[in-house]
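K.L.:
This structure is in structure tokens; I'll ask about it shortly.
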Amino acid sequence: MNPNQKIITIGSVSLTIATVCFLMQIAILATTVTLHFKQHECDSPASNQVMPCEPIIIERNITEIVYLNNTTIEKEICPEVVEYRNWSKPQCQITGFAPFSKDNSIRLSAGGDIWVTREPYVSCDPGKCYQFALGQGTTLDNKHSNGTIHDRSPHRTLLMNELGVPFHLGTKQVCAAWSSSSCHDGKAWLHVCVTGDDRNATASFIYDGRLVDSIGSWSQNILRTQESECVCINGTCTVVMTDGSASGRADTRILFIKEGKIVHIGPLSGSAQHIEECSCYPRYPDVRCICRDNWKGSNRPVIDINMEDYSIDSSYVCSGLVGDTPRNDDSSSNSNCRDPNNERGNPGVKGWAFDNGDDVWMGRTISKDLRSGYETFKVIGGWSTPNSKSQVNRQVIVDNNNWSGYSGIFSVEGKSCINRCFYVELIRGRPQETRVWWTSNSIVVFCGTSGTYGTGSWPDGANINFMPI
């Protein structure tokens with residue numbers, strides 16, 4: 001090959017290589033732009049939905065790596081999929097209840113700044129559980145705690161802390177309220193907060209930290225709600241509210257709320273005669289509530305709420321071992337599943353129960369006359385058979401030498417089933433302990449277990465003589 005041919009050959013090869021490199025640089029540039037704008041192609045979401053992203057797979061040979069050394073590839077981050085809760089899993093099968101949490105608020109109040117509270121409850125978002133209570137606008141070691149036996153004042157607020165964290169001075173005050181309910185729909189918290197004049201109160205509906213809706217008193221006689229968690233299924237939440245006499249006929253309505261906005265209000269129907277302070281739980285696709293009849297019955301009313309067509313029915317727990325306080329002795333108490341038993345119906349106390357096939361799990365004070373002690377058990381046939389009284393799996397939660405109070409249910413979704421848990425309010429101070437001028441509480445919390453368990457008693461535990469007056 002003569003020199004001219006060599007020059008031509010080298011030039012041709014060089015030109016070919018340069019052309020290939022140029023084309024590859026164009027390809028890399030196009031790839032970079034594609035990665036930046038189309039790394040994750042998301043379809044336009046439907047209303048209130050976030051669709052999953054599908055990554056584009058880009059293949060390239062090893063040679064391209066050389067040219068990517070100084071190239072920055074930015075990836076688009078897909079938003080996390082957030083869905084409404086539907087509670088469609090079955091209820092967990094349990095043998096009883098195991099200890100879960102205790103906040104010791106009163107004992108801690110002897111030497112620290114802890115809120116004066118009552119009407120506590122527990123509710124969980126998909127990842128964590130929280131405790132709520134209605135604060136009295138004061139700490140215990142404070143002269144403002146004098147007279148906190150009273151239920152309603154403009155200073156009461158709904159408090160919210162992670163479960164197990166007592167209500168210290170840094171506690172969030174969610175809203176102004178002397179009656180409340182809270183629940184998480186899978187996306188955000190809904191708080192129902194009632195406050196104002198007894199004859200003209202207001203219920204505010206706060207969703208995701210914003211006031212979305214409100215409703216005024218419809219009977220001008222202490223509008224009030226559950227004092228425990230509401231329930232949301234597929235984005236619609238339901239809460240039971242009553243306005244009217246505490247010892248006679250009242251007007252109970254069931255409200256349906258979507259992202260804080262009231263979408264439907266239904267009147268109570270069925271055979272229940274008086275409804276207060278319901279403890280509600282999801283029973284997919286519906287919601288079931290066990291309430292307090294403060295007028296005619298020491299057997300507890302049941303409300304069944306259809307979340308699809310908004311229909312409502314009511315009755316009474318069948319168990320002849322009734323759940324309210326005060327009540328008759330077990331040997332003489334009755335329930336026919338449909339009507340109030342007309343046995344010591346007034347006043348009553350907030351409580352809970354839940355169905356388990358034909359049986360019923362329930363909790364109640366040990367004393368039939370006072371809010372002292374606390375026990376749980378299952379009644380065989382207690383959900384389906386009138387006046388059933390066969391009791392099994394009894395547990396003492398608080399011995400009868402110590403005070404209890406309100407109690408309520410909350411539900412926790414596990415990997416395969418929905419567990420039922422409950423809390424007990426441990427009231428201290430007035431009216432029973434007149435050495436002090438305040439009324440406040442701590443709580444103890446138990447959850448259902450399929451395992452074995454032991455015995456014990458979990459009272460408040462504060463020595464009243466150590467407490468500020």
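Cβ from N, Cα, C; glycine included.
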K.L.:
Please work out, from what Swiss-Prot records, which of Cys129, Cys193, Cys230 forms the disulfide with Cys183.
P.N.:
Cys230
K.L.:
According to Swiss-Prot, Asp293, Gly297 bind Ca(2+); which one of Asp313, Asp324, Asp329, Asp330 is annotated to that same site?
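P.N.:
Only hit among Asp313, Asp324, Asp329, Asp330 in Swiss-Prot's Ca(2+) site, alongside Asp293, Gly297: Asp324.
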K.L.:
Just give me the nearest neighbour of Cys421 (disulfide bond) among the recorded positions Cys92, Arg118, Cys230, Cα to Cα.
P.N.:
Cys92
K.L.:
Just name the winner among Cys230, Cys291, Cys447 (the disulfide-bonded residues) by count of other CB atoms within 10 A of its CB.
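P.N.:
By the 10 Å Cβ neighbour count, Cys291 comes out on top.
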K.L.:
List, in sequence order, the same-chain residues at least six positions removed whose CB sits under 8 Å from that of Asn146 (N-linked glycosylation site)?
P.N.:
Trp437, Trp438
K.L.:
Between the binding-site residues Arg118, Arg152, Glu276, Glu277, Arg292, which lies closest to Cys230 (disulfide bond), Cα to Cα?
P.N.:
Glu277
K.L.:
Whole-number Å distance between the CA of Cys129 (disulfide bond) and the CA of Cys237 (disulfide bond)?
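P.N.:
Cα to Cα, Cys129 (disulfide bond) and Cys237 (disulfide bond) are separated by 18 Å.
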K.L.:
Which site among Cys124, Cys289, Cys417, Cys421 has the most other CB atoms no more than 10 Å from its CB, taking these as disulfide-bonded residues?
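P.N.:
When each Cβ's neighbours within 10 Å are tallied, Cys289 leads.
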